[in-house]
């Protein structure tokens, strides 16, 4: 129930879409298939994200790309952060005879399946065992499948609120928390290990030269078939209501964009936007580059992925232990308490990276002791769990300050700024590391090895281009300092925001009733 009183400075707004319903006890009878279908759709959404995180490690392990190349690759993830730009179009335009969500879901998933088939045919040529990869084509295709996946997410998020019975709509938030990690795990860990010859030889005892358990071609082909089969099933056997959700009015694309503008005009939302666009800057260097630096230091990418697989298991269990903090009335207070600890842990992790070569090399060969894996696993676990805790408390804070009548729109807006606050520094830091890394030839101090010709000249003269200033550690120091500046700037502001009455986060219009009941839930996706 939302109650409000008149305020003199009440802002003008236009769209109220009350949702009236009687509270009923959830019961999944008749909805289990719908719930399973949503989990599958979110799994499909998570797969391109997983592939996008695996390919940078595979590229780095081949020693054929620079950090500037990695910065270019990171832009392939941008569709997830800017999907708000076309989300109102997806919500407002559709063919009623097909269905509001199926009108977009069917063609998007068909295109996604076709794109994966195209990748399966060409991936071996784009990413050969030897030689420089065709980074341009790889980035283009990853951008395309991420664009299709991000747009599919808009349709699935909307459908999740109506495909389930009204009394079961609360389960809509469970589906992405299960499906997306499964898709990401398949696209990252499974993809890397299944196509890796090193993993097969070392852990499965296969013959060198036989390749991995499967090829990239077969892996992408299988996923393309799965997506197309699911799409055909939905098209033929899953009907969608040919009417709008109960209590909703159909509004135009222009009205959708105007609604977003009305939200952005709220003073506290504008301040929150600045905070969200800079919230991840303190962790960017350690989150983005650490695994790449470990590969440079000699840690096999397969070992990193095996540790990552353990992290996925922990991510499923961890929310159970922090539920009381996430669901508290002041989730942002816990977020802010953990932020300095997370920043300090990032420094500790970078120290481990610094000493990694001296710990794993013995007599000129890589020989990784068991205690190093324990140290790396512990450092990764602490960082991942802290990162997950910060994300969960932030999402809970988003739900707390969202106008329930437009909960999905508010959450999409907040999440867009949050992920932009990760992607923008992510791309920038990767470029910055290349700029701040200084090299010189071992037998000619005047050769700074900053061009391919100078590097070749150094090699021809019998030297090597050694690093004497590593941009990674400089970037970690800069990001950590900026993280503490962010913390002391926004700490009190965000603490106070979680105590502000919901009224001040809402859009108020002329026809707002004092006893409207609304049930639009927040969809808390981990993607």
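Cβ coordinates are placed from backbone N, Cα and C, and glycine is handled just like the others.
Automatic prediction, not curation, is the source of TrEMBL annotations.
Looking at 35-59, 435-459, the range annotated in TrEMBL as transmembrane segment turns out to be 35-59.
Range 339-358 is the one annotated as transmembrane segment, of 339-358, 499-518 (source: TrEMBL). When TrEMBL is compared with the stretches 269-286, 287-304, the one noted as transmembrane segment is 269-286. In this chain, the transmembrane segment (410-430) lies apart from the transmembrane segment (168-195): fewer than three C-beta pairs between them fall below 8 angstroms, excluding pairs fewer than 6 positions apart. Counting Cβ pairs under 8 Å that are 6 or more residues apart, the transmembrane segment (168-195) and the transmembrane segment (269-286) reach fewer than 3 and are not in contact. Outside the transmembrane segment (135-156), and at least 6 residues removed from its termini, the chain residues within Cβ reach (under 8 Å) are 38, 41-42, 44-45, 47-49, 51-52, 55, 59, 65, 69, 72-73, 75-80, 83, 86-87, 90-91, 101, 104-105, 108-109, 111-112, 115-116, 118-119, 122, 126-127, 412, 525, 527.
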